[in-house]
């Protein structure tokens, strides 16, 4: 495969990988070894399933941030028998030493921190093409880009006009990449779609895309919503963001968070973790919400619930965490105070209307940190160009909490690959007993000892002694 060089890295291009620097592999391996000690769930799955290889025959196209923690996930999938190809799901989220460690270990990986949008879609195509002419039969997705590429490409095979009117820069490059592929192979996407046995989706944004396809009757294969496993959403989204948000803001700006006025837009699990993160360092935190239940939760936690437009000229730090688009628009951006910090911890870059800032003066301070001069003369500090700040400006969530999420991913891949015929073309969640198993696998590492129910106690509350302990409708 041939690729152009990313602006920020000299690429090493080999037959079946594209990374920044293979010389970083040893560094990546050392960090990977440390991460393994903090990821007991994945290591337990290797011990439990490594001999039986339940994923033997699985060809997994992985589109998920190429980090050290993801490297542990990849090697777990391989240990369980899978054949894997990998790309990052964000142009800024790759850790180049992690990608190098994977390439050195023989994993076809296509990921460079700071890759262009054109390269991003080239790399996503690369995970769909096996060297022997084969195709993936499973997708492991984060944000839905790999799944969406297959689906949109299939539509374009029937009606190329679906690619006529891109609505933003991202779509411009996506549509161009599909046209380029179809010019070479007019049935590429439909062949892949026909072979996919199932998709497992990591995050809120991608799950929303899957449910939209299910509702319209367009979902062509079963999917597991990993995001809404309790041991994902209530841990990764909440506790992961609680640690990684302020880590990224401080790495990027070196500002003192204490004493600052901060606005978190969105108070779902990600917003809750983000608000705790900022409050924990002494910021005065306000919340903007559309959902009355989430707004009331925020108020009960002592946050002021406000409208963005009412406080936009007062805040020092803005964080979007909604999964929606055009949440902070130009009408808000131009009113911000001097040196306000603006960032996003949702999935895509369109929560903040970054496109509307392109006509202003930009001064790049360092990678993923830009000073933008507004018409008022005030300057704002935009982090990661509005993309995921915790992966663009730092290294994402800690290994331990990602072990929860990725243990769910592996179990979901096993479930759909080995029992796919038992599932319809719908979106599912993992059963409660597996959710509890994921939690159980992580307790010993942090010194927890579970109390055990007696048979009489279990009978009294009508649950098995060994669990599950809560009904599916229980809200943790």
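Including glycine, each Cβ sits where the backbone N, Cα and C put it.
Computed from a predicted structure; not experimentally measured.
As annotated by Swiss-Prot, substrate binding site applies to 67, 142, 202, 232, 236. Look at Swiss-Prot and you will find 203-205, 237, 266-271, 289, 324, 345-347, 390 tagged as NAD(+) binding site, backed by sequence analysis.
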In sequence order, the binding-site residues (266, 268, 345) whose C-alpha falls within 10 A of residue 142 (substrate binding site): none
Chain-internal residues near residue 232 (substrate binding site), provided their CB is under 8 angstroms and they sit 6+ positions away: 202, 226, 404, 405, 408
Nonlocal neighbours by CB distance (under 8 Å) for residue 205 (NAD(+) binding site), same chain, sequence gap 6 or more: 143, 144, 323, 346, 347, 348
Candidate with sparsest Cβ neighbourhood (10 Å radius) among 142, 202, 236, 289, the listed binding-site residues: 289
Distance [Cα-Cα, Å, rounded] between residue 67 (substrate binding site) and residue 270 (NAD(+) binding site): 20
Least buried by Cβ count (within 10 Å) of the binding-site residues 266, 268: 268
Binding residues 67, 142, 202, 232, 236 (substrate) - maximum C-alpha distance in whole Å: 17
Spatial neighbours of residue 236 (substrate binding site) among the binding-site residues 266, 268, 270, 289 [C-alpha, 10 Å]: 270
